[in-house]
Every structure is written in structure tokens, then in C-alpha cells.
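Worksheet: the structure to be examined is printed underneath.
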Amino acid sequence: MSPLSAARAALRVYAVGAAVILAQLLRRCRGGFLEPVFPPRPDRVAIVTGGTDGIGYSTAKHLARLGMHVIIAGNNDSKAKQVVSKIKEETLNDKVEFLYCDLASMTSIRQFVQKFKMKKIPLHVLINNAGVMMVPQRKTRDGFEEHFGLNYLGHFLLTNLLLDTLKESGSPGHSARVVTVSSATHYVAELNMDDLQSSACYSPHAAYAQSKLALVLFTYHLQRLLAAEGSHVTANVVDPGVVNTDVYKHVFWATRLAKKLLGWLLFKTPDEGAWTSIYAAVTPELEGVGGHYLYNEKETKSLHVTYNQKLQQQLWSKSCEMTGVLDVTL
């Protein structure tokens, strides 16, 4: 990617962000975001990645409030004990715990899955929520560009390693669910199969958007595989909107200033940002339904290229090669 292309990528990302913020402002002026009513889900088990902060924390808290056994997967050991205690206190649910998982390390992901499976409990909901946003160019422990490696590839590996447990846990009328958090930036993203690591000319904006596009393609292909084998597991992808969290530390200074001064008005709260993830995880309306892109608890169209099954397959096969996952679609 040339410097000019990198500049264009930044402009496109900020343009789509501004459009989402404007839509949120208009909705707030018309009455705001009303909290959906979610059914209780006792005796269900959920894993939430990135559950110590922001949208992930709100998601974990609300699932615990619904009676679920919630396992927070994260790499913030120092904050974990406080977060777990707070959620238990607020929800009166003692079935909340933390397991260390660094999504930037395949070794850590595999260790997390091993520890989880040693518990001998089912898994009904996996929420792929964790991520980084527009960070400077750097690599994961396995040598992947961080947006691609953590946001996308880490969740690709985690999901595949947990699929057997999800399949065992799902049943007719009570499907297990994979919920993956993408973003509106995928609408302005490009997937460069020849340079997934953004090594030619790094743009944090393009790299972030590409990782979110990859998550949509991954979800759609995963759903096709699950449906083809008749398993009682569904996969959907959600867009939380522009949410007032701490992930904006690397964005343009004007965006940080707007967030600081007007975030309360222009941005969704973390709870509001979590509602679509929770909806996808528990609503009876989506029982047995997968392959949807959800925004504000409603299905909407994703970028046209995400429906390209050949591209889905290419990314899936490449991801299997990168992670050592067996490509069953070959």
C-alpha cells in the first residue's frame, strides 16, 4: 500500500465513523437506545474474550445477570480479580471466573482451551469480542501483524479449537452460538490476500478495517460449514456501533478530543454497545439462525464482497495454514 493509499484508508475509516456517530446522535435525539429485554439463561455457559474492559465487560456482566456461567478470557491478570468480584457483586451470580488468554499468542490460546476443557463443562456461547484498534505497526508473538493476528487470527484459532465442545453442547431447539464482533469499518476495508500482514506499506486504519472484514468473511464461511454438517451451532457477526471505551488511544487527535468532550452524547455507552452481542447470544428469535450481520439488534447487509464464497474459502484455507488448523473444506 502506497502512502497515498494509506491516507485514503484513514479518510475512509474516519468517514464511516462519522456517519455512524451522526446516525447515533439522530437516534439519541429521537429517544435514544432502549435496552432490550433478554430472557434468563440459567445453566448455560459462555466465554467472552476481552471481558475485563469496555464492551466485553458489559457483555460478561449482562450474561451473568441472565444467570449464565461466564468465563472471561483475557490477558489483564492484574484487573481480573477486581472485575470478577464486581460482576459477582452486581449480578448476585457466583458463576463468573477469569482464565488467562493472550489472543496474540497461539500457545496461550491453546493453553486456555486446554484449561477450559479440563473443567468438563459444556459451552453454549462463545463471544469473540477482544481486539486492538489502529495500533502502531507491531507483531504478535507468532510474527503476525497485530490487528490481523489478534483481532482475527486469534479468534479464528480459538473458535476452531472450541468447536467440538460447542457441537457437543448444542441440541435441537437449543443451539450453541458463536458471536463475533466486527465493526462498520469493514465497509471500507480491502482484503489483500497477497499481503495480509500489511507489510508493503503499513496503515493502522487499513489494517484494523481489514481485520474486521476478515471476521465477517470468517463468520459466514463458518456458518456454511456448520449448516452443511447439520450441527446445532450457529455463527453470527455483530456491529456494536461507535462506543465510548478505551480503544481509541491511537486514533486521530480530533477524534480523541471529540470523545473526551462529547462522548456522552455522540458515542454509545459500553452497555449499549454490548446489547447486540447479548441479543445474538441469547434471543429466541435467532434460534437455529446463523450467517447474519447484526446491528442495533437487527439484521443488516454487510459489504457485498463478504458474500463471495470463493473469497471466504481462500481466507479460511490461508488461516488454517497460518494456525495449523485442519482445513476440512479442502
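Placement of Cβ uses the backbone N, Cα and C atoms for every residue, glycine included.
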Subject >> Recorded NAD(+) site member, picked from Ile55, Ile71, Ile72, that accompanies Tyr208, Lys212, Thr245 in Swiss-Prot >> reply: Ile55
Subject >> Fewest other C-beta atoms within 10 angstroms, as judged across Ile55, Tyr208, Lys212, which are the recorded positions >> reply: Lys212
**OP:** Starting from the Cβ centroid of Ile55, Tyr208, Lys212, Thr245, which together make up the recorded NAD(+) site, report each further residue of the same chain whose Cβ lies within 8 Å of that point, ordered by sequence.
**Re:** Gly131, Met133, Val181, Ser183, Pro240, Val243, Val247
Original post:
Around Thr245 (NAD(+) binding site), how many other C-beta atoms are within 10 angstroms of its C-beta?
Top reply: 21
